[in-house]
Amino acid sequence: MGLLSKKDSKLITDPLADNNPITIQVLGICSALAITAQLKPSIVMAISVVFVLGVGNVVISLMRNIIPSKIRIIVQLVVVATLVIIVDQVLKAFAYSLSKELSVFIGLIITNCIIMGRFEAFALGNGPWKSFLDGIGNAAGYGLILIIVGFFRELLGSGTLFGFKVLGDSVEKTGLYAIGYENNGFMVLPPMALIVVGIIIWVQRSKNKELIEEN
Amino acid sequence: MGLKENLHKLKKKYEGKKMAPAFNALHTFLYLPNETTHSGSHVRAADDLKRTMNTVIVALVPCLLFGMFNAGYQHYAAIDETLRAAPLENFFTMDNFLMGCLTILPLVIVSYGVGLAVEFLFAVIKGHEVEEGYLVTGMLVPLIVPVDIPLWMLAVAVIFGVVIGKEVFGGTGMNILNPALTIRAFLFFAYPTWMSGDKVWVHGAVERSKEIAGGANLDAISGETILGSYAQNQEVMYSLQDMFFGFIPGSVGETSKLLIIIGALFLIFTKVGSWRIILSTLVGALVMGLIFNGVVDAGWIENTSKFYGLMSLPFWEHLLVGGLLFGAVYMATDPVTASQTNKGKWIYGFLIGFISIMIRVFNPAYPEGVFLAILLMNVFAPTIDHYVLQGNIKRRQKRLKVKTA
């Protein structure tokens with residue numbers, strides 16, 4: 001990549017795999033469980049977090065030298081809250097049904113530990129360009145897991161992808177359903193999201209033994 | 001040269017190879033291993049893991065055989081109601097047994113085939129010996145599912161149960177949850193239409209209802225379980241005798257209370273099952289039943305309430321319906337997932353019985369609360385043990401202080 005130096009591109013690629021916010025740092029689990037029953041909300045959530053974290057990181061980074069450290073958490077909260085409300089309003093205006101489906105979870109991006117975590121750990125100590133890349137990278141790492149989980153949960157739980165009946169019609173018994181296949185109702189329930197995330201963590205760690213924690 | 005020597009020779013040949021664990025499993029299943037311990041003191045005892053597992057399986061075989069007869073009996077009795085007038089004469093017939101073989105043997109084969117395949121796979125990948133843990137689980141699974149469960153669902157559930165319920169924790173002896181119940185819980189939440197309702201407990205009922213929907217002129221088969229009937233405030237058509245001997249619809253192996261009691265006595269006599277857990281589970285269930293009966297007697301609940309049917313059930317009858325007894329004897333006593341301390345076992349069992357009846361009465365969607373109660377207490381078992389141990393330590397420290405003071 002000519003655009004990014006090696007160090008910069010690592011800021012984006014690291015959180016996608018070896019330092020993934022969900023599977024390695026185990027942050028932002030609540031929303032990963034709540035909205036991944038279908039693929040579409042997972043993707044919308046991923047994009048929203050990419051926007052909030054990317055822009056938020058830049059804003060915090062620009063202000064990092066003028067924020068008094070005693071009130072920095074409040075300043076960070078104001079920044080996140082502003083961005084989240086923008087996302088919420090945009091969704092309400094242009095994708096009302098989706099925003100209904102995601103309900104409080106868009107608002108709850110404010111409490112997503114990944115965002116405050118990156119503000120604290122990165123944006124307060126680095127320049128705007130690096131902070132932007134770090135924000136995009138971490139949010140993308142989060143979104144990637146959301147999309148993987150959403151894919152499996154929608155496919156196995158409802159037999160659809162983006163609402164398309166890829167496995168056939170479960171009521172009229174076409175496609176796979178004609179030979180006795182049935183949707184796995186467990187996949188739609190939140191506990192299964194936890195198990196799917198667990199399996200991803202398992203697969204990742206057995207591929208890269210360095211990631212296994214000592215206990 | 002006999003088979004035994006051949007196997008010993010083959011073992012030498014495959015030592016250190018990748019497939020060695022799989023081979024060793026078959027080898028020690030047939031014969032004792034040929035190596036002995038050379039150093040240190042050791043205790044000779046015959047009750048190794050395999051013996052323990054086999055004892056439980058022996059205790060389960062009567063339930064399985066009875067389940068086979070019952071599968072046929074329920075099927076034919078649903079078509080011809082007159083058979084129920086004399087269950088004893090019409091129960092142990094060849095027709096019933098053949099029908100049972102056709103429906104239940106596939107369940108047993110799938111359960112063992114898939115489960116052992118997963119165990120072998122993990123043993124080969126992780127390079128340890130195959131553990132015997134699945135022997136009992138594989139036998140329990142077909143006994144706690146409805147007869148007509150599709151085989152592929154059972155296979156998926158077994159893979160899930162063995163991998164997520166057991167292997168991720170480190171295999172046999174390390175699991176937090178009872179694998180057989182994990183499998184049942186998976187089936188229950190994933191495919192609820194196949195695990196509850198009035199169509200799944202009798203072989204052929206689902207197909208029959210489809211044919212009727214397609215316009216065939218047949219009588220519908222209804223095989224509601226007793227618990228299901230009570231939960232819907234319906235009359236129950238089975239006598240207490242039917243319930244005790246097991247001539248009722250239900251999961252494959254849990255219907256005959258008589259055989260479960262015999263199995264329990266066998267397990268207690270061989271000291272494989274803990275009598276403390278079995279007894280305290282039953283006591284817990286009876287106490288909760290008494291509380292509910294008290295509520296009904298005090299007139300705190302209208303007889304139009306949806307809980308009335310099960311709440312007004314005489315407390316001792318709770319032991320005769322549903323899978324409570326089966327769960328108490330074969331599942332709650334699992335030495336790996338139960339509490340280890342004697343005092344802990346009393347608490348653990350009591351709460352299983354107590355919560356089972358509570359779920360049974362208060363949640364009509366889960367007419368059988370036993371498996372959920374056992375899974376819940378499995379999670380709490382280590383906590384119970386911890387506090388029992390701490391209590392013991394504190395008591396002894398106090399004694400020490402009194403002495404030294």
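Backbone N, Cα and C define each Cβ position, glycine as well.
On a predicted model such as this, the values are computed, not experimentally measured, just so you know.
Here the transmembrane segment (B:56-76) has long-range neighbours at 83, 87, 90-93, 95-101, 103-105, 108, 135-136, 139-140, 142-143, 147, 201-204, 223, 246-247, 249, 252-256, 259-260, 262-264, 266-267, 272-273, 326, 330, meaning same-chain residues at least 6 beyond its ends whose C-beta is under 8 angstroms from one of its own. Annotated transmembrane segment per TrEMBL: B:56-76 (among others), in sequence order.
Within the same chain, residues 21-22, 25, 64, 67-72, 75-76, 129-131, 133-134, 137-139, 141-142, 145, 147-149, 151, 154-155, 158-159, 162-163, 167, 171, 203, 252 sit at least 6 positions outside the transmembrane segment (B:97-123) and bring their C-beta atoms closer than 8 Å to a C-beta of that stretch. Annotation source TrEMBL lists transmembrane segment at B:97-123 (among others).
Among the features that TrEMBL reports, transmembrane segment is placed at B:143-164 (among others).
Annotation source TrEMBL lists transmembrane segment at B:176-194 (among others).
According to DSSP, B:T225 (FMN phosphoryl threonine) sits in a coil region rather than a helix or strand. Its own atom aside, the Cβ of B:T225 (FMN phosphoryl threonine) has 26 Cβ atoms within 10 angstroms in the protein chains shown. The FMN phosphoryl threonine annotation in TrEMBL covers B:T225.
Annotation comment: TrEMBL describes B:244-270 (among others) as transmembrane segment. Long-range contacts of the transmembrane segment (B:244-270) within the same chain: residues 55-56, 58-60, 62-64, 66-67, 70-71, 73-74, 84, 87, 91, 104, 107, 142-147, 201-202, 223-226, 238, 278, 319-320, 322-323, 325-326, 329-330, 333, each at least 6 residues beyond the stretch ends and with a Cβ under 8 Å from a Cβ of the stretch.
Annotated transmembrane segment per TrEMBL: B:277-295 (among others), in sequence order. Long-range neighbours of the transmembrane segment (B:277-295) within the same chain, counting only residues 6 or more positions beyond its ends whose Cβ lies under 8 Å from a Cβ of the stretch, are 264, 268, 301, 310-316, 318-319, 324-325, 327-329, 332-333, 338-339, 345-358, 361.
Residues annotated as transmembrane segment in TrEMBL: B:315-333 (among others).
What TrEMBL records for B:345-363 (among others) is transmembrane segment.
Under the heading transmembrane segment, TrEMBL lists B:369-389 (among others). Sequence-distant contacts of the transmembrane segment (B:369-389), counting only residues of its own chain at least 6 positions beyond either end whose CB sits under 8 Å from a CB of the stretch, comprise 144, 176-178, 181-182, 184-185, 188, 322-324, 326-328, 331-332, 337-341, 343-344, 347-348, 351-360, 363.
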